[in-house]
Amino acid sequence: MEDEAVLDRGASFLKHVCDEEEVEGHHTIYIGVHVPKSYRRRRRHKRKTGHKEKREKERISENYSDKSDVENADESSSSILKPLISPAAERIRFILGEEDDSPAPPQLFTELDELLAVDGQEMEWKETARWIKFEEKVEQGGERWSKPHVATLSLHSLFELRTCMEKGSIMLDREATSLPQLVEMIVDHQIETGLLKPDLKDKVTYTLLRKHRHQTKKSNLRSLADIGKTVSSASRMFTSPDNGSPAMTHRNLTSSSLNDISDKPEKDQLKNKFMKKLPRDAEASNVLVGEVDFLDTPFIAFVRLQQAVMLGALTEVPVPTRFLFILLGPKGKAKSYHEIGRAIATLMSDEVFHDIAYKAKDRHDLIAGIDEFLDEVIVLPPGEWDPAIRIEPPKSLPSSDKRKNMYSGGENVQMNGDTPHDGGHGGGGHADCEELQRTGRFCGGLIKDLKRKAPFFASDFYDALNIQSLSAILFIYLATVTNAITFGGLLGDATDNMQGVLESFLGTAVSGAIFCLFAGQPLTILSSTGPVLVFERLLFNFSKDHNFDYLEFRLWIGLWSAFLCLILVATDASFLVQYFTRFTEEGFSSLISFIFIYDAFKKMIKLADYYPINSDFKVGYNTFFSCACVPPDPVNISIANDTTPAPQELSAVSSTDMHQNATFDWAFLSKKECLRYGGKLVGNNCNFVPDVTLMSFILFLGTYTSSMALKKFKTSRYFPTTARKLISDFAIILSILIFCVIDALVGVDTPKLIVPSEFKPTSPNRGWFVPPFGGNPWWVYLAAAIPALLVTILIFMDQQITAVIVNRKEHKLKKGAGYHLDLFWVAILMVVCSFMALPWYVAATVISIAHIDSLKMETETSAPGEQPKFLGVREQRVTGTLVFILTGLSVFMAPILKFIPMPVLYGVFLYMGVASLNGVQFMDRLKLLLMPLKHQPDFIYLRHVPLRRVHLFTFLQVLCLALLWILKSTVAAIIFPVMILALVAVRKGMDYLFSQHDLSFLDDVIPEKDKKKKEDEKKKKKKKGSLDSDNDDSDCPYSEKVPSIKIPMDIMEQQPFLSESKPSDREKSSTFLERHTSC
């Protein structure tokens, strides 16, 4: 028996296969613990009052048997041991699985105070560490906090903590209003249960009520190295001549100790800036550990108050205390006490144990929580990891939900490798989206959208009351103005100024403002699009060739298209959006993003062509370059200095006078004046402006780089959190202002933003209203239905694909979508724009994504070291409405807007195009083509889909994108919407090329991080399902005698606290606590 290995009866059912993500985020425990090679069974000692406990032991022993292990489909190894459900898991499942209507337990702030000496005389409780999510220690020297780091615990300290919970006082849901009352309650309980001698009451009370010195106070704190030099001054004080009698002891206790305790927070607590890291409803958990020389056995107590109470200066921050853990022990074990204190503090910061601590009914519940924590512990070999190395907090924390779901019940969802993991919808889709369910009633979807959005209408206005909304308004306004000017200019060229820049401004303002006020998804931004521009050009040329009235013909096309869109609304046709999977969405959004990037560089190249760089220019040959202004007609030019007008007189000189004045010096005119008066520029240096192009590219690339850098400034290490967040929110506006100032200081005449200054139609041949009859034959009104069908497809596809992208699950929108309501208002606005001869507007993908990115919300308070959590998007109607109102008022702001260089706005275009590609799986898969296998990220689809299949899917997507780009660049661009619709057919065809299993990972609308979370939950549920099936054959209830963690727990078997029996060999190697409990 001495050579036999210890049998771990709990290992088989807790077999855990760690994936890379779990290992990466859970390296939190180090230590190797000596486990005895021999096993000697404990002798069962009889107790006079332990009949019930004895019967329980015997029943458990009888029911404790080996069972066969249930193998998973993906596990090749088998175990000879039969699984037994973990008693800790069973009890935790009962605790966390209870239905409780009470709110979730609040966030805990845990503080570790240790009993240290001041100048070798007085003892004080000094703060040495604190926790919210991660551990922060007082650095050596005691003048600053360490950086937050993952708490690394010794496994031995966890065993000792478990023993503390077994043998110490557990007081749950007690009531106290002050620290002295609470201390007295604890000490009396220890005396009543025989754990403390009555003559030690005053000494323990005196010790527990000593001052608390926090790190915020500017005092002479010692380093952590002095923790081991704790003091036995309490004993000296009690044995001094002044404290010889109990009466004198009591008087000293009152005067020296209780006067140091206040029920109200101190000024240092109220001024502590660390409160910003805590939510408003946070509570405190205080851990007090120390060594004294008047105790022979450890004094251990764990207290949970019925209601959290402010206990004066006990805690660093002014938050009420809910939990109190006390450990006072004999001298010589300061290091062990310190590690036990860190262990309980770390457990209190663990989300699962945190919930158990709040819901525990007795001691066994708490012990089960510790066992569950030990089940999840990762042990690092002591020779392969230095515990002094502080582990940086991970960027993304592993979700505790998968641990909680294992115990809280729920469906046992199993994933079949031959079927899609999302439920069998062939690659995701939106079948589970309530907004896209077909009602089968006339306008049923529209009515449901109205009912869904009506309750939020008021909140859509007051939810915008945040400084973040201002930055979004300015950013999107400048993007919208630039877009309106660009498309307005192109539209004017395509339609002979029948629609121009001013019409673009007015149409954008009217359509956008009405849409944002009444549509189902006000975060969507309307704008003109490339396909609409192509259609307008073709329609104008067609009307011109056949002598049709262009505006009237366009009016009837718009009316027919609006009518068809309303039919689609009435028949709930938006349910077809559920067939737009990731393949279609990413193809469309990536194409639009690439168009933005391409157009930004195209405009800069065009600018460089207009202001060329003269590469032949040489500094030493300045005389070779010249440029002169000559009159348009050959006249006898004689230089007469006395007749040459002064510069200030040029404005009074007319073109006719200049032609008639033969003695006028044309060479005196500037370039603009020469061209204005009909002159000609002659010379090889007339178009040479060397600085404009270079300066424009500096502004262009500088704006883009600055926008990207300032947007990421939120995660930098500089400045306080509030300042970083403010800079990040206003990143685009700051970049624009910075480079506008640089442009003004340098003084180079770069091209500026030109806004119409008069409110009138661009063409004098049109008005603000288009009559519907009289310009074309009657049959044209009916024939307009044919091109209107194409426009309807264009509008429907652009609008709904953008709406799907805006309403993605990862945006965490809470007020719901409104696909039918959005399309309804697009149709109504099309009628208005058709009658006013304004451009048609539809949802703009890139600007809408930029709008959402500028309104993303994160947690206001996050624990030190913890990344802010994304909460969702600030859903409201104010930002979009004000953006379009300002766009309409831009005509009156022309004197201000003219100072903005166009290269700066092109840089904003480039930023929007690149930023909208972030988080797109298509781009991630493109990068995989350039990565060696060992450097590829841990994407969920790479775990389940062969790499060659991933590359094949990416190749097909690139091919479709290339075809769409080629189509867009030709005259056939008018059928661009039809080709977008063809992407759906291409995706359906992939069902014959890829298995549903592969498509479910490659073409799923579920975000990557949520998909990992789902998979981990399914693994846990599958594991829980096997445990449930085993539990049907076992009626073994929970007992602390049964091992419940992955490693042998025989050394932790409970023994009578005041046992008088002779300890066995195993007991001799037990913890320090067991060595002091035989008094």
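Think of each number as a place in line: the chain as shown, counted from 1.
Keep in mind that glycine also has a Cβ here, set from the backbone N, Cα and C atoms.
Membrane topology as recorded by Swiss-Prot puts ASN497 and LEU947 on two different faces. Most Cβ pairs within less than 8 Å of the transmembrane segment (780-807), among stretches 502-520, 551-571, 586-609, 838-855, 902-918, belong to 551-571. Residues 443, 445-446, 448-450, 453, 506-507, 510-511, 514-515, 518-521, 524, 526, 554-555, 557-559, 561-563, 565-566, 568-569, 572, 574, 768-770, 772, 795-796, 799-800, 803, 842-843 of the same chain sit 6 or more residues outside the transmembrane segment (820-836) yet have a Cβ under 8 Å from a Cβ within it.
Only pairs six or more apart in sequence are counted, and the transmembrane segment (586-609) with the transmembrane segment (502-520) gives fewer than three Cβ pairs under 8 Å, not enough to call it a contact. In this chain, the transmembrane segment (726-745) lies apart from the transmembrane segment (522-542): fewer than three C-beta pairs between them fall below 8 angstroms, excluding pairs fewer than 6 positions apart.
Tertiary proximity for the topological domain 'Extracellular' (895-901) is limited to same-chain residues at least six positions away from its ends with a CB under 8 Å from its CB atoms, namely 478, 481, 696, 699, 736, 739-740, 743-744, 750-755. The average pLDDT computed for the region 'CA2-binding' (1030-1033) is 45.
When the stretches 467-491, 551-571, 693-710, 838-855, 878-894 are ranked by Cβ pairs under 8 Å to the transmembrane segment (522-542), first place goes to 838-855. The highest tally of CB pairs under 8 A with the transmembrane segment (902-918), across 467-491, 502-520, 693-710, 838-855, 878-894, is held by 693-710. Residues 600, 604, 607-608, 611-613, 727-728, 730-732, 734-736, 738-739, 742-743, 746, 748, 750-751, 901-904, 906-908, 910-911, 914-915 of the same chain lie 6 or more positions beyond the ends of the transmembrane segment (693-710) yet place their CB under 8 Å from a CB of it.
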